[in-house]
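Here is the structure we will look at.
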Amino acid sequence: MTYARIAKSSRYLPEFAVSNDDLSQIMETSDEWIKTRTGISSRRISQQENTSDLAIQVAKQLLAGEDPAGVDLIIVATMSPDAYTPATAALVQAAVGAENAACFDLSAACSGFVYALDVAEKMLRRPGGMALVIGAETLSKLVDWQDRTTAVLFGDGAGGVLVKNDALEPHFLASQLKSYGHLAKFLSAGQTSPQPFPGPVTGLAPFKMNGREVYKFATHKVPEVITACLEEAGVGLAEVDLFLLHQANYRIIKQVARRLDLPEEKFPCNIAEYGNTSAASEAILLAGLAEEGKAQAGDLVVLAGFGGGLTAAAQLVRL
Ligand code: B82
């Protein structure tokens, strides 16, 4: 009997950085306004690359030194896929030559990476098997640059992990995947509408967010799913080394730490640099911390996502 574990993490951010001051040139906003409400200073914006291009960079880094034919599964968590079909994961498959992999995209917005990691762990039954779990977004293509309340929030990027089923002990210790469909209207992007017959194919609607409602949701539900997840594993809050939360807003992260009565130092953030990258955010954070040696093998980590759906998800993993 072997168990799945996170063997490697990686991230890829588009080159082009857009600062708050840059945004204040094209809309009525300011660095001070954005920073104090969100914690964001800058975000990366993709100019030429689509979501699959970002995901492919991550996949290539994850598979360096591995046989791509040994990959059983590729899941791309995204709310900004290249297309409705083909799946972004299929484009990743072709780029890395993972000819034996089952490939699909997973749509759970900013909870998508945690959802996908849980699905991958449960699907990856072959001893020695491998899965790529990637969160990738080009949210800039869903931004209404006339709407200063949402346009300043989002960024593009990708992060992911290589999951290997070769551990002698469990590394995925508990998970809570929650959805609250009755709250769906509070956060949407890419809304479509039925066409009159016979009508042209039309575009997607941009981001719409009821900030007050989603903020209330996040600050109440995230502590709840984290607590339930730890209870399921029989692990105490104090035993956890790091809480890697979706990077939506630094006030949410501070508030969650406060509600759990934990020091903010256990909640590392990169929202200042990259803004809200939805499904990519926890994976980008994890890979960055691993690069800096701040997340290491053996660490006990909670990953927590929350977003459109509305959804909230938490997972306890031993790195
Ligand atoms: S906000 O409503 O404008 N606000 C909180 C009252 C500012 C202090 C706001 C802002 Br600005 C940015 C993000 C949120 C927020 O609550 N985001 C989310 C909540 C739940 C799920 C996902 C998100 C997300 O933004 O991804 C509120």
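Heads up, the Cβ atoms here are built off N, Cα and C, so glycines get one too.
Under the heading domain 'Beta-ketoacyl-[acyl-carrier-protein] synthase III N-terminal', TrEMBL lists 104-181.
Proximity of CYS110 (active site) to non-local residues of its own chain (separation of 6 or more, Cβ distance below 8 Å) is seen for MET79, HIS246, ALA248, ASN276, SER278, ALA279, SER281, GLY305, PHE306, GLY307, GLY308, THR311, given in sequence order. Per TrEMBL, active site is recorded for CYS110 (among others).
The feature domain 'Beta-ketoacyl-[acyl-carrier-protein] synthase III C-terminal' is assigned by TrEMBL to 230-318.
Look at TrEMBL and you will find HIS246 (among others) tagged as active site. According to DSSP, HIS246 (active site) is assigned to coil rather than to any helix or strand. Counting Cβ atoms from all protein chains shown, HIS246 (active site) has 32 others lying within 10 Å of its own Cβ.
According to TrEMBL, the feature region 'ACP-binding' maps to 247-251. Predicted-model confidence for the region 'ACP-binding' (247-251) is 97, expressed as mean pLDDT.
The active site feature in TrEMBL is assigned to ASN276 (among others). Cβ neighbour count for ASN276 (active site) (all protein chains, 10 Å cutoff from its Cβ): 24.
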